[in-house]
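J.: Sharing a structure, written as structure tokens. Questions coming.
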Protein chains: 2
Amino acid sequence: MLSRFTDSINEKQLFEPHQKVLLAVSGGIDSMVLLNLFEKSGLNYGVVHCNFQLRGEDSDKDEQFVREAVLQHGVPAFFQTFETEEHARLNGVSIEMAARELRYEYFEEIRIKNQYDFIATAHHQDDLLETFFLNLSRKTGIRGLTGIKEKSGNLIRPLLFASRREIEDFARANFIEFREDYTNSEVVYQRNFIRHKILPLFQKMNPAFKKNLLASMEHLKETEEVYSFSMNRWQKNVVSTIDGNIEIQISALLNLPFPKILLYEILIRYNFNPKVTGQVFQSIENESGKQFYSPTHRLVKDREKLFVIELPKEEKRIYYIEKDDIELFEPFDLAIEKNENRNFEISRNPNVACLDFDQLDFPLLIRRWKQGDYFQPLGMSGFKKLSDFFIDEKLPLHEKENTWLLCSGQQIVWVMGHRIDNRFKITPQTRQVLKIEIREY
Amino acid sequence: MLSRFTDSINEKQLFEPHQKVLLAVSGGIDSMVLLNLFEKSGLNYGVVHCNFQLRGEDSDKDEQFVREAVLQHGVPAFFQTFETEEHARLNGVSIEMAARELRYEYFEEIRIKNQYDFIATAHHQDDLLETFFLNLSRKTGIRGLTGIKEKSGNLIRPLLFASRREIEDFARANFIEFREDYTNSEVVYQRNFIRHKILPLFQKMNPAFKKNLLASMEHLKETEEVYSFSMNRWQKNVVSTIDGNIEIQISALLNLPFPKILLYEILIRYNFNPKVTGQVFQSIENESGKQFYSPTHRLVKDREKLFVIELPKEEKRIYYIEKDDIELFEPFDLAIEKNENRNFEISRNPNVACLDFDQLDFPLLIRRWKQGDYFQPLGMSGFKKLSDFFIDEKLPLHEKENTWLLCSGQQIVWVMGHRIDNRFKITPQTRQVLKIEIREY
């Protein structure tokens, strides 16, 4: 294992012997094995640990465990505690997204301050396989199926040559201590499901499965590189940045071989979802002045150009629910189902909205509320400003700030987690019910 | 279902109402539903059925069943019986490959003779999903993961809009009779395994799984189109055909952005496997005069060019076994395993070869025997011509003609299914044993 580790570093040219590497160590088995391999190889390294405070006392024990381990090795170590849930709330992102943002921002800060050349994480082969299937179970493109790279920018993954089994064997043989990770998020649940239920079945069907899949992922990676290369080259012919705004030349775009795919690749950078990009493309040859929104940008269709303009901060982050979506992961976990209005039981849970499907105009939008928003609260005949509604409901400031709205066109459908709009409620005339449940705000 | 069927034909522009379509009807549920939908829609169609004689009496009953069905509808129908096993033997391909070759060749012949515009097969959505996983469990590239197209050339798949469940429901509701397919090949076994064991697990993990995967496959299809477009354009800069031979300009190739991937895409058309292409690429800048083989072509490396020359018929079809392969599907089903030579029991089965791993030079080759071949049969100290060996063994002509050899460089290792070579046998000095078993010749 040790020689395969150093061979792999040389072969993949991850870093030079004189370079300094900052190891991301959680205290789990993978990162403790990584630490041990760096120590045994006499490499120049330091350790960084993030305490995300997501598992109460366990998080603190993890930190303490890593502190003791690095003390033994006598290497530089950096520790940081984060208010992860708070960060997630304030930025309207999932807990996982928040932890990821905080982690990599902090890693990079420590790396630069302390002159490390690379940051190393302990991802291994089975992580690759599990991520492949995790992405496959959601909608994904080729980039979700190519796995992570051994080296990208300042980030390296020196354990990608090893399987989980090999890491476990090495830990056992070398008496490496580690902390069990009891995190119980949806992603961890799905990863475990893939690891323990799905992968063994594939192995049973074909013993060469893992090896074949890793080889296939390598092929896909090559294909992705060719694809991205072509896309980038074509983009240069149609996109220009003027005064910080992006301009896309419509005629130049339409003269290229894959205009729709290219437009998709251009607009995804500004967070436009594929459905909206499809609508932009449909209108590209006729109407002018039409506007389209992403969570962060507005697109205006002019006669000869598409202009992409960044939204002011308070307007940012818009998400879409399509007619046939059955779940949404961003900005938070939603389950969506369509039911016949026959013996349908309306939920009283404020985290569940039961809406008249035929009154809704798809795609629905999820956005932050802003001053001036108003709606017709369920059971009322008149309209009410949201700011007044919040006062009447005695909402604490941070909850008020972080409230999301579900909208159908310009109309508010649901002040999410609080009250639906009277215009979209279930009536005896309702044929179909759209039921939306907040699984995790 | 009927309206979705006609909508889908229009939306995907599969064919025009006045065009004639030839339906491939096996008698199974999918093709009988396809037939019913064509009949109910009043479309202009005929039927073609192949009897591959692979399931004895059942094959004949299938044919009879289809004959009776078309008689009811009073449409033109074409029937053909094939000696599939014979064809597979003579051409050194698997039974499945043989059936596929025969089928599409015959379809095309009937189509042209009888002036049909398209051939339609009854593939549906679940076929797509199963094929995705079937290919995933082998080594595959993006083309193995993009599914089949609704329309490619003269071939259309008008049932791709429907799931298996929908087809079954439609068959039941409309009292459509069909024949069960009891084929029991490895591929059918794996398809059933995917259908009944693996897909339900994914569905359990994420109820939107099927829908998401189909959407992902659409994305991959687009990526594949961009990739192939770029590859084809670059190929034109480096490949020329002179006197039926292919010439690749080395310097032009190396000046392009992805020379190795491009070379792989060029050579795969001439059946060079990726490993051999890798060797070609490695030698591209130094040695001249080196030769490389595919089952159908020879590549000669010159100073400025690579020449690709078609092999004379009797030399064709060479297959490779790599050091870490554990199975092979072409030219027939092989299981390969490496064992320590400790309590290893040597098999006496002529379809199993137990070989001294360290004596072998990888990749091993599988090729047809030719006049002049000789080897040292197990237990003999001298060499023997293969033609003499066959006479001594009293091999019937067709078996002799169809014998394959396993070779290590120029040396014959195993006259497959008959005798191994004495030089590669297990001895007390053998450390590792390579065991190769013919699962199906």
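Glycine is treated like the rest: Cβ placed from N, Cα and C.
What TrEMBL shows for this protein is this:
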BINDING   A:S26, A:G27, A:G28, A:I29, A:D30, A:S31  ATP binding site
DOMAIN    A:364-436  domain 'Lysidine-tRNA(Ile) synthetase C-terminal'
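Could you place the listed features in the three-dimensional structure?
T.: The secondary structure of A:I29 (ATP binding site), as reduced to three states from DSSP, is helical.
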J.: Tally the residues of the domain 'Lysidine-tRNA(Ile) synthetase C-terminal' (A:364-436) by DSSP class, grouping H, G and I as helix, E and B as strand, and everything else as coil.
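T.: Taking the domain 'Lysidine-tRNA(Ile) synthetase C-terminal' (A:364-436) as a whole: 15 helix, 28 strand, 30 coil.
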J.: Within its own chain, what residues at least 6 apart in sequence put their Cβ under 8 Å from the Cβ of A:G27 (ATP binding site), listed in sequence order?
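T.: For A:G27 (ATP binding site), the qualifying residues are A:H49, A:D62, A:E63, A:F65, A:V66, A:A69, A:F178, A:R179.
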J.: Note the mean pLDDT of the domain 'Lysidine-tRNA(Ile) synthetase C-terminal' (A:364-436), expressed as a whole number.
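T.: Reported value for the domain 'Lysidine-tRNA(Ile) synthetase C-terminal' (A:364-436) is a mean pLDDT of 88.
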